[in-house]
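Everything below concerns the one structure shown next.
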Amino acid sequence: MKPYRVAPIAGSDITPESVYLQRRGFLRGLGLLAPLLASGCSSGGDAGAPADSGPSGAVLPATRNSRWDSKEELTSWRDATSYNNYYEFGTGKGDPARHAGRFQPQPWTVEVAGHAEVIGRFSLEDLLKPHTLEERIYRHRCVEAWSMVIPWIGIPLGECLKRFKPTSRAKYVAFTTVNRPQEMPGLAYDVLDWPYREALRIDEAMHPLAMLAVGLYGRALPNQNGAPLRLVVPWKYGFKGAKSIVRIEFWENQPSTSWNIAGPSEYGFYSNVNPAVDHPRWTQSSERRIAGSGGSLFAKRIATLPFNGYADEVASLYAGMNLRANY
Ligand SMILES: Nc1nc2c(c(=O)[nH]1)N[C@H]1C(S)=C(S)[C@@H](COP(=O)(O)O)O[C@H]1N2
Ligand SMILES: [Mo]
């Protein structure tokens, strides 16, 4: 069962599985990997998997984009897929992996609406078809001051949005995520204004770093990471990365967002990673890097970089803006 029909890419372009296994010390898991590869099913959760079994789920061929490679140690598949924020499945870090098994990310459609010439309902296959899946290694910084380094697979968000021909009135793009109480036990709690909503300014959305992700570590996104389609905006705090997107809407005015409604003084619209502006309840000047054998609990603290290290690429988007007032 392969969730995506993606045109095959020449062998040399495909990230070899062995690269992950070597880089991440998973050679020990090779024997365990074979049956998982054969089953090829999108994983609903790795919570019960053996500790070092490595990536699982449908293999997703992608072209490595060497522009965004990294010498930093990658977060392990296990940490990236078992230490999550996805409040629709519960507020604990282990809840998404534990409770996302019932969620059905296939088939999937996305509604496109608002100030654009091309609007309507599109299947995930239609959204992805004209694009080549790329792999990019990005730093991933949560507002709660932990971070990861993750090889995402997806397409540039801007390339996808251009196909809808946004009009000159489209100043913002709003993303709404799926709302399925039967499959998502966390929706029974009023911790956020459901459905989860996020938004970007149109120039942020068009920036080549912004990604629509469908996989990680060479595999389709597990449910807990936002299957089948999520945002990845690496210069912003993680909560801007809306998971399981069902609606994309072009707006003239700045859209409201779930986290901003929940705590306007703590979660701003921009939420650019900024070590100089602390969260009211904790510092943002450093982060716990969850990577390698250090594991989640004893992860080392490192300095947080402006724009999460992507300042050279994105700082110009905010020229002249007061980034303390516009946090
Ligand atoms: N729909 C939805 N998307 C979401 C969230 C959520 O609760 N619901 N949490 C956000 C937060 S706070 C973070 S840090 C990232 C976490 O992504 P990851 O679990 O893949 O690392 O997802 C973001 N996207
Ligand atoms: Mo987060």
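Note that Cβ sites are derived from N, Cα and C of the backbone, with glycine treated the same way.
Under the heading Mo-molybdopterin binding site, TrEMBL lists Asn84, Tyr87, Glu88, Cys142, Thr177, Asn225, Arg230, Gly241, Ala242, Lys243. Asn84 (Mo-molybdopterin binding site) is surrounded by 26 other CB atoms, counting those within 10 A of its CB over all protein chains shown. In the three-state DSSP scheme, Asn84 (Mo-molybdopterin binding site) falls into the coil class.
Annotated compositional bias 'Low complexity' per TrEMBL: 48-58, in sequence order.
Among the features that TrEMBL reports, domain 'Oxidoreductase molybdopterin-binding' is placed at 103-259.
The region 'Disordered' annotation in TrEMBL covers 44-65.
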### Message
With every protein chain in view, what's the tally of Cβ atoms within 10 Å of the Cβ of Glu88 (Mo-molybdopterin binding site), excluding that atom itself?
### Response
28
### Task
May I ask you to report the DSSP-based helix, strand or coil state of Ala242 (Mo-molybdopterin binding site)?
coil
#### Entry: Other CB atoms, at most 10 A from the CB of Arg230 (Mo-molybdopterin binding site)
23
### Packing count at Ala242 (Mo-molybdopterin binding site) (other Cβ atoms within 10 Å of its Cβ)
27
### Message
Near ligand 1, meaning Cβ under 6 Å from any of its atoms: which of the binding-site residues Thr177, Arg230, Ala242 fit that description?
### Response
Thr177, Ala242
